[in-house]
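Residues annotated as disulfide bond in TrEMBL: Cys237-Cys239, Cys270-Cys273.
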Amino acid sequence: MSDYLVKALAFDGQVRAYAVNTTKTIGEAQRRHGSWPTASAALGRSMTAGVMMGAMMKGNEKITLKIEGGGAAGPILVDSDANGNVRGYITYPQTHFDLNENGKLDVRRAVGTDGMLTVVKDLGLRENFSGQTPIVSGELGEDFTYYFAASEQVPSSVGVGVLVNPDNSILAAGGFIIQLMPNVDDATITILEERITNMEPISKLIEKGLVPEQILTYIFGEGNVKFLETMPVQFECTCSKERFGNAIVSLGRGEIQEMIKEDGGAETQCHFCNERYIFSKEELEQLKEEA
């Protein structure tokens, strides 16, 4: 089954919710980056949060997440849009540790807890909207929860999870974001706190075969959810040879001539998808003319 996201309202519009299965999407990221389990979990959780936050955008709006916690895996960068496209990279994909004291992948150690979570929204305006909050946990779900409360003043609960197979491939990945609307009553808050505290990890629910609609029904209870729309989700990179060519042109004639003289060509690689683009001597000569 393809990955997809569902948007919903619950408890008569008192709560807004998103749930997503990203198993294939994170699997594609793992394959492209050759990431090891702890790094895969950190990148996968970040991309899962990113694709749900992208679903909050409209039209051609985009969102970029930067997680810089000072951990061993280095900074994580995620781009997403309003149409379910997401891409991401982690600086040191071959990062892995023994399981933590709870028997889980030690994402906190990979991400770190000394740094910032930055969210940049490109709304098509002259200037981008930017919000930044300290990393409070390093487990990422709690860090995005804190971001929504502190930067956007929206009380939220964010759950993101990734399970990794022994061969490093992705077994299950997905998440949810639950946000309280201004009209929410205390009784609803109490119900939600109890259910979220006692629920199974989101990755386990996906491993069991629950689809996004069933995950939200599991959290809110039968009959309390109104599903609004579903959206396919996929790993999608916006890189191209033309874009890299434009970047080479921007280096100027002198530097391009140096590349021709020293290497007789050029090879570039996209951080996000690891796609390689090779430019021959003739292509560099053409780009030099454009510079």
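Placed from the backbone N, Cα and C atoms, the Cβ positions cover glycine too.
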Residues that sit under 8 angstroms from Cys237 (disulfide bond) by C-beta distance, when 6+ apart in the chain: Arg87, Cys270, Phe272, Cys273, Glu275
Chain-internal residues near Cys239 (disulfide bond), provided their CB is under 8 angstroms and they sit 6+ positions away: Cys270, Phe272, Cys273, Glu275
